[in-house]
Amino acid sequence: MADDKSLLARFYHADRALTAVASELDSFDGRAEPVRCTRLVGRLRQGQDRVLAITNQIMDELLGDDRAPRAFRAKFPEEVLQESLAGQLWFGAECLAAGSSIMNREVESGVMRPLAKAVTKSLDNVRNLLREQCLRNNTPNSLTLRLDINDAATEQLYESLKIFDRLFAEFELLYVSAMVQVKSKQEYEMQELICVLFSETLQRALKIGLLEQEQVDSYDPALMFSIPRLAIVAGLVIFKDGPLNMDQPADNISEMFRPFRKLLIKMRDLLRTLTKHELYQLEKLLCTNEEISLKEELICDANENDSSDVLPQEDHVVIVTTNVNTSNNSDNSDSRVDDSPNDELRHESETRDNRNSSFYSNRIIDSNRLHADVEDDVSENDDDDDPSNVLKDSLVTTDCASGYLIPNTNFGNLLQTNEAPLTDSFIATDEELKLGTSSNARIEQILSETNQKLADSGLGTANPSVDNSPELDTERPITSRSACESSEEGEIDEYDNEEDDEDSDNNLSNQQLMDPGSSAGTSQSAGKPYRTHKQQHHHRHRRSSGSIMSATSSRKYNSKHHKASASASVIVPSNQGTSSKTYSNCDTSPSSGNQSECSSTSSTTGESSQDVAMAIRAAGRIKFKTTENLLHRLFVCIAGVADQLQTNFAADLRQMLKSVFIINSSPPEPEEPPELAPTSSDKPKEPDPTDLFEFRASEQDVITPGQNSGGSSQSIYSAEEVNPEDPHDSVFGSPGTSPIRASSAPRTMMTTAESGGVTVNVSVSVVTGGGSSSSRNVQERSVSLSETSIVVENNGGATDSNLRDSHRRHSAIGSKGEYGRSRSSPNSPVNGTSAEERRMPEAPPRWIPDGDAPRCMACASSFTPFRRRHHCRNCGGVFCGVCSSASAPLPKYGLTKAVRVCRDCYVREVGT
């Protein structure tokens, strides 16, 4: 009967309808009647889909676990896995078996043709056996198959289904692989690693306060853009050995990021030059698109174990300010600027750490290797300014207008705001570096005297072996220089920097960038004017886990003809725990009257090669006027790459993010046992009316620097309530903390932080109503970042009771990322203290999953690789691009900007 719902009955009727369509299609010439042929082919395809769908259900019930595995479908694009896939495969198999070939796939068609014939033959056999079972063992409206297991026909059907299932699976893999590009096993594993990177990035973002757990639990669509952007940053500078390791061959990089390899390498080099604060600003910008502001103070948790999140083994920051005055003087008597009159080499060294740090630089000059090593111990008793001086090598250019290559000069140019080219500053290229002519014997004599006096002063020298080289095997951004070097021809031999091909765009290969731990010396010829320079460094060390060193260096060269000056500052990372500061002062006067003076400051580390490489890459920042410009450029590049993935690998990204959301969602809360009815003696305490609502600051509640708090009737309920849509808010703060605005008294919320004990002093000014124009109370509390509580209280008179009602206490115990985080969101309730009643935003509708909507919910068109799914933000339905082309703001959900909505919702929302 036609209304029989059993599997065998449904198969019987579907097979009869398919046979009728196939017979009609064979009864006429399709070329004579193309319209009729096209219509019948469409009906044939639909009939094949129905027959194979019912056959699959029968195989699931009869074969069970004996079905052929189809794990290879994980390599298929999502667009291929549709309900009509089986029908397309059957149609393709019949075409191949009939002698047709896939366009531009003749070779693959010839390989698949025997398998296609076997598939069609096996399918015909299965259809015949199933028709027999329909007539013999069908039970009307039965939910399961009731076949006689002792019947030979049943056993034959079972074996035929197994053969067909195996052949059809093999043909599916070959046919789909020939029609579309499928992932290889290696690519599939790479994308799994990228999925792991996404998950670790999300966990890190939740930990440092960039994202909130509520967004993950609610499957916030904005995370589909934020997570890939943050993953690019994390994969380049934090999880360096992960899938975004650009040092590995291009074949080992996923196809998702392989087209952007060169761009990613440049981005990696720039990201490594950022400080922890700047990196946090960039990540915050990638999440919120808010304005960049680097002028705010950071509140950092000293106990945070995320030092590897920005730059591994980096806890010190050296701020270097360099002032250079260069001149050329023909008068030898004026070149002496040091106070020391003797010709002896003097060293003043103080011990700051028990660890010794040795640096050397080697150089081949006329087949002779010259080296000078310095090993200083610095005292830990002196934290104030110390003179520092060390003589290593001085590279003087023939034209002083081109500048001198001296330590840290490339760093001084990183953040300079002038438009002057490098040659007009004080970085010289290899071709511009030249020395006066001098004999090798003279150089060796100077070096021997220097080394002898170094040994006499108790300073050790190290052999310049390759094993002790501070350069990395894979990344050598600098070339060390020997002390007081020269050649007979007056030329300096060039060493090419060993860098990746992609790094050559930064012009680092043509710049001789000096190690921060190296120093400068001078080499004069007998027939040229003597050149001297003097450096003075002042260091101040503040003892903290994230200590900041400041240094000022000045070099003066007296001249009648040339004079140049440059000033800049840079932040150079150093290593805590293994770092030691080296200060030395040396004056050298050879017997011939050549005079050279130099003082330098070096920040050395036990494992400084990696830090030096990171610092040298900072030369890429030289093309950016300000740090904001650098962060903006990085934002554009990172967002461009991440957003391009949304187009090129939309299905893969959706699958990855779905897995990430499932993994990182909060576990469901256990059901609480039913509470016992309260007895007369144990009456429930009446709740405080103010505890029924959680007030959040709105735009009118947050006091900005431009507002006048004199007649304001609003109050700030918590210092951590900051509206994210306030245009005055800027992206500032630190990992684990969110920004707290600082404005002028008496309405300021001031924060101070001390690393070490990590004590935060919070000053909150509360402005009360009732016509009072002055702040009632400012209370300071010292709290720990690990257990933060911000309390606003009032001890005034008239408004004491009112303000006590609005007393709120927010605690973030055990969560470093909770302190100061902005909790306001588009869906959070707003403060209702104004005279006008405010409506709380509604919760947005839950999106219908893609798998539950095979067709457009408006026009009922099936989705294809070209007809994509789109969700309406108002009703959550799934529509095609035509039916969801409208956009409108949805203020009831807190969405003030226009978002995608379907046509019906657009008419309804705009009409209302």
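Any Cβ shown, glycine's included, is placed from N, Cα and C.
Annotation source Swiss-Prot lists Zn(2+) 2 binding site at Cys872, Cys875, Cys902, Cys905, citing sequence analysis. Taken from Swiss-Prot, the feature compositional bias 'Basic and acidic residues' covers 333-355, 682-699. Per Swiss-Prot, the feature compositional bias 'Acidic residues' maps to 486-505. Annotated compositional bias 'Basic residues' per Swiss-Prot: 530-544, in sequence order. Marked as zinc finger by Swiss-Prot on the basis of sequence analysis: 850-910.
All features noted in Swiss-Prot, drawn onto the structure.
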residue: Cys872; record: Zn(2+) 2 binding site; Cβ neighbours (10 Å): 25
residue: Cys875; record: Zn(2+) 2 binding site; Cβ neighbours (10 Å): 17
residue: Cys902; record: Zn(2+) 2 binding site; Cβ neighbours (10 Å): 26
residue: Cys905; record: Zn(2+) 2 binding site; Cβ neighbours (10 Å): 21
When DSSP states are grouped into helix, strand and coil, how many residues of the zinc finger (850-910) land in each?
14 helix, 18 strand, 29 coil
Can you give the mean pLDDT for the zinc finger (850-910), rounded to a whole number?
87
